[in-house]
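Here is what TrEMBL says about this protein:
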type     : residues                    : note
DOMAIN   : 4-107                       : domain 'Lactate/malate dehydrogenase N-terminal'
BINDING  : ARG47, ARG53, ASN86, ARG117 : substrate binding site
BINDING  : ASN60, VAL84, GLY85, ASN86  : NAD(+) binding site
DOMAIN   : 111-285                     : domain 'Lactate/malate dehydrogenase C-terminal'
ACT_SITE : HIS142                      : active site, proton acceptor
Amino acid sequence: MMTVLDGVLMELQDCALPLLKDVIATDKEEVAFKDLDVAVLVGSMPRREGMERKDLLKANVKIFKSQGAALDKYAKKSVKVIVVGNPANTNCLTACKSAPSIPKESFSCLTRLDHNRAKSQIALKLGVTADDVKNVIIWGNHSSTQYPDVNHAKVKLHGKEVGVYEALKDDSWLKGDFITTVQQRGAAVIKARKLSSAMSAAKAIADHIRNIWFGTPEGEFVSMGVISDGNSYGIPDDLLYSFPVVIKSKTWKFVEGLPINDFSREKMDLTAKELAEEKETAFEFLSSA
């Protein structure tokens, strides 16, 4: 893959980006992970046709155990690690467990793409821009069990902020097609493009890192997969689960005290169950990898 990487390097140089000083293309962990401030782990083993999920988990445990160990050994202890490669939540947990000297709060996985998809679906439906929609939530796994929740979301309409449910007045869409559209958007993109999301994923990674670095705007929260320890939403500890968070001084905190209705509860628990199962399978491989 080094020749492919050199092609990417050429394109980056050819963008003449004002903030880009240097790019090092390498296939050596000790070079790639040295003194990192931020690590974006994009590479993972994609699921091939006829492949069982556990085979996918096994292949990825190997990759993320190795990358976690490399982070532990070579990166700054203050490094922020963002996992994008799927299954992102469990890959992130594997890397985290393999890097015991880096705080587990420094590991997060990307659910911002789902978050942005949810925002844009609401905006399209209301004929506003995505910027006018805030505080959507993605709960759980970056998979088709994720729960896009707009019970606490607000939209700017005619100069004032209103709740999304109130603005749309279409509960059956919000509890039905809206959720499935966001859950299955990745597959829809693949079906149409014959390739997975690229630009929208890159934009989401940039959004995610920008928020870690510069914080979230006042009164706004975002979704990211983080370690579930100490959450107040009844999600078991030691899962890498997507929550609503606010960020200040490069440190995230759970958004607390959001009321959860029965509809949400069931969906939040379902995705937690899937993550617990994934974790169990991955950890069997982790101890033998």
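Including glycine, each Cβ sits where the backbone N, Cα and C put it.
Note that TrEMBL annotation is computational and uncurated.
Taking Cβ-Cβ distances under 8 Å and a sequence gap of 6 or more within the same chain, the neighbours of ARG53 (substrate binding site) are ARG47, PRO87, GLU278, THR281.
If you measure from the Cα atom of ASN60 (NAD(+) binding site) to that of HIS142 (active site, proton acceptor), you get 15 Å. Annotation: HIS142 carries the greatest number of neighbouring Cβ atoms among the recorded positions ARG47, ARG117, HIS142 [cut-off 10 Å, Cβ to Cβ]. Annotated pair ASN86 (substrate binding site) and HIS142 (active site, proton acceptor), C-alpha to C-alpha distance, rounded: 8 Å. Sparsest Cβ environment among the binding-site residues ASN60, ASN86 (other Cβ atoms counted within 10 Å): ASN86. Within the model, the domain 'Lactate/malate dehydrogenase C-terminal' (111-285) shows a mean pLDDT value of 97, rounded to a whole number.
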